[in-house]
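Asker: Handing you a structure now.
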Amino acid sequence: MKQAEQQYLDHVMEQLQVAKQAAEKKIQTAKRDIKSIDAQFNDIRMNTTTYSGMMDTALSVRAQQQMLNERENSWQHAADHLATLQRLEAKPYFARIDFEERPGQAEETIYIGLASFTDTPDHFLIYDWRAPISSIYYEGELGPVSYQTPDGEQSVNVTLKRQFQIADGVIVTLYDTQATVTDQMLLAALSNHSSTKMKSIVATIQKAQNRIIRNTSADLLFVQGAAGSGKTAAVLQRVAWLLYRYRGNLTAAQVIMFSPNQLFNDYIDQVLPELGEHNMVQMTYFQYLNRRVPRLQVADLRERFEQENDVIEARANQLLTSLAFFKATGRYAKRLGTDGHLKFRPLKFGDRLFASKDKLKEIYYGFSSTYRLSNRLDGTTERLIRMLNSRLGNEMHAKWVEERVQSLSKEEMDTLLKNRPREFASDEAEYQFFAKQILRKEMAPLKRAIDHHRWLNINAQYIHLLRVVPHLVDLSKWHLTPAQWQTYVERQLAAFKAGKISAAGVSIYLYLYDLLTGKRGDSEMRFVFVDEVQDYDAYQLAYLKFCFPQAKFTLLGDLNQAIFTHENSRSLLKQLSTMFEPDKTQVVQLTKSYRSTAQITDFTAQILLDGEKIEAFDRQGPKPQVVVTADSARGVQAVQTALAQAQAAGEKVAIIGKSLADSEAITTALKAAGVKATLVRTENQRLVDGALVVPSYLAKGLEFDAVIVWDANATKYAGDDERQLLYTICSRAMHTLTLVAVGQPTALLDRVAPELYEIHPVD
Ligand SMILES: Nc1ncnc2c1ncn2[C@@H]1O[C@H](COP(=O)(O)OP(=O)(O)OP(=O)(O)O)[C@@H](O)[C@H]1O
């Protein structure tokens, strides 16, 4: 059997060589053609003496340009093809499926790999893993299996499923399987060491993951998945799949992924190129907002994580981040069209008033009450531009203009004239020309201010919105009194004056701005992915939906890992369900955790009180270790020991501290002991090789062979609301997990069954 398979592989490898040579030849030809077209370009004689000569020259230039474009396209095409062939050469395929379309019919055999490959047209030696038929590899077991095609559902009878590991054109192992994907292959994939870059999982995609990857029917696909269940992995394959499925109609620029932090972006940025696709647009939600408010300082990741809210702030935050308040913002903005409460900023021309607040108000509210906000805005802009033009006319003979025209030097005149003929019909015409140029230049800032709607005082409007909240919502529902609300607004105002805005505030600010200016969002974006969605609030998600009105949403999250929003996360799901059509909403659960050994998954699952369901994948490893030390010095020693052990086993280690201060402290202590570890201070750093120290909020979404938790004592992790955080930290570990506690270990471990871990007191 192996021999026959090797023969097929040899044939594929041979054909790949042939195809590679052909592609290389195409590239050479295209290069040569481009060179010769370039040379011909130089030979085209410019005939500009007669009209027909000019036409001829223009036509030849155009023809040459077209030829050049064609050749460049064919070069690009051949180069892409060659890159695919090279990828296939390294790993031609990973599976074979035999099936019959109808019982009794002749069997067909297909091989599945990273891309399709044919030796003659329509004769596929390899099928792309994203082709509809390839789905049967991921979907079912032997026997009848159905799969989706663009034309509807198809069924086949699968008679053989074989998996391969191939290296350098030789079959290393091969196994036939009964189950969806053999555990051996998955086990081998999962037993590998972690790296600073995530890898693709095409060969071992699991059935539930395949459903997520190939979903086309949902407008909102919500994936609830335990830590390490492959949400991120699946979703990156989904992007690759979508780009294949809708090729020609969808580009990577029409797909955007919101990720938890910049570090994570860096971690996943190789997956799509590995699959031969361009990366989608990737940013964090706050990066997306910050670009639009560069002058405001938005609370950063650390501030958001470490901020200690008092009761008023916490309740106000719940109010402002709710879907109810998103709707209230809409109502407020709509009423601004007629209620006279819009705030204006006077427009100036130099240091002279151009339009006062009252004038602006008069214009804005002068339109019919049926006008929408965007019409009102356009109407006002138009009126202001007309005012600007008539002002320009009036100023033509102003004294200062006359003086400026008279004092123009020869060079200044030349610059203003550019290529214009030097002759004027009269002196007055000449004066008019220069006066107009001077005025236009002087009025340019005013024109910009009009066009960019700087006459809208959005800052004052935002504060006004906050002030009138008691009229918009029922404060008592949020357990706030009007006096408390007042206190909250004053605090926000003080911060705002210092150029700062809260994390909740910035979404409100921008949404309000968009409503007033009639912005409709980016309708080009077709797919929006939000990872770690449990850390978003309903307002943010509603705003994203507003920003991308035509897009389908895939939201991935783990309600167990809500480290910013805490108890809010379950209500988030409820609020979400009202934002999208129920029959276009699908919720998928991934319960099996692939990242960690069974010992680590079972241990971490019990840290949670009544968490979402988690099932361990059967991969064995040592039990988690809890090391309890009497003082900090011994704690540091314990970290050193665990670190040394893991590194001796070739493992990638992360020491995870709760806050940045904790992480700094352990880094300094290790350095003093002569141990090298890199502190990841901000999300803008890169993940480097060697031991890392990472504050908890930056460890989101990442994984490491070994995790050392510093320090898991009763003071650091005191209350129940820290369970999700501890769970998130511990679930970063793939192979070994050590918790070091200085003093009393955290009570959050009390409910974990004692047989699930080993405890080592160190005196
Ligand atoms: N089908 C699979 N085949 C091989 N590896 C897989 C598979 N599914 C998941 N993994 C691996 O399991 C690990 C965890 O996956 P991933 O990071 O996508 O999980 P997640 O659900 O996003 O986790 P978290 O919520 O904890 O960040 C990764 O190393 C990933 O490559």
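Every residue, even glycine, has its Cβ placed from backbone N, Cα and C.
Sharing the record's features from TrEMBL:
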COILED    13-40  coiled coil
DOMAIN    204-597  domain 'UvrD-like helicase ATP-binding'
BINDING   Gly225, Ala226, Ala227, Gly228, Ser229, Gly230, Lys231, Thr232  ATP binding site
Asker: Gly230 (ATP binding site) has how many other Cβ neighbours within 10 Å of its own Cβ?
Answerer: 24
Asker: Among the binding-site residues Ala226, Ala227, Ser229, Gly230, Lys231, name every one whose Cβ is found under 6 angstroms from ligand 1, counting any of its atoms.
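Answerer: So the answer is Ala227, Ser229, Gly230, Lys231.
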Asker: Can you count the other CB atoms that lie within 10 A of the CB of Gly225 (ATP binding site)?
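Answerer: If we count other Cβ atoms within 10 Å of Gly225 (ATP binding site), we arrive at 27.
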Asker: Let me spell it out: take the coiled coil (13-40), skip the flanking residues so only those 6+ beyond its ends count, and list any with a Cβ under 8 Å from a Cβ in it.
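Answerer: Residues 64, 67-68, 71-72, 74-75, 78-79, 81-82, 85-86, 88-89, 92, 117, 119, 125, 169 contact the coiled coil (13-40) from elsewhere in the chain.
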Asker: With a radius of 8 angstroms around the mean position of the C-beta atoms of Gly225, Ala226, Ala227, Gly228, Ser229, Gly230, Lys231, Thr232, what other residues of the same chain does the ATP site pick up?
Answerer: Ala233, Asp558, Leu590, Ser593, Tyr594, Arg595
Asker: Run through the Cβ atoms and count how many others sit within 10 Å of the one on Lys231 (ATP binding site).
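Answerer: Excluding its own Cβ, the number within 10 Å is 26.
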Asker: Return the single residue from the binding-site residues list (Ser229, Thr232) that has the minimum number of other CB atoms within 10 Å.
Answerer: Thr232
Asker: What is the average pLDDT across the coiled coil (13-40)?
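Answerer: Residues in the coiled coil (13-40) carry a mean pLDDT of 84 in this prediction.
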Asker: DSSP secondary structure for Lys231 (ATP binding site), reduced to helix/strand/coil, please.
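Answerer: Its secondary structure by DSSP: helix.
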Asker: Measure the Cβ-based neighbour count of Ala227 (ATP binding site), defined as the other Cβ atoms within 10 Å of its Cβ.
Answerer: 24
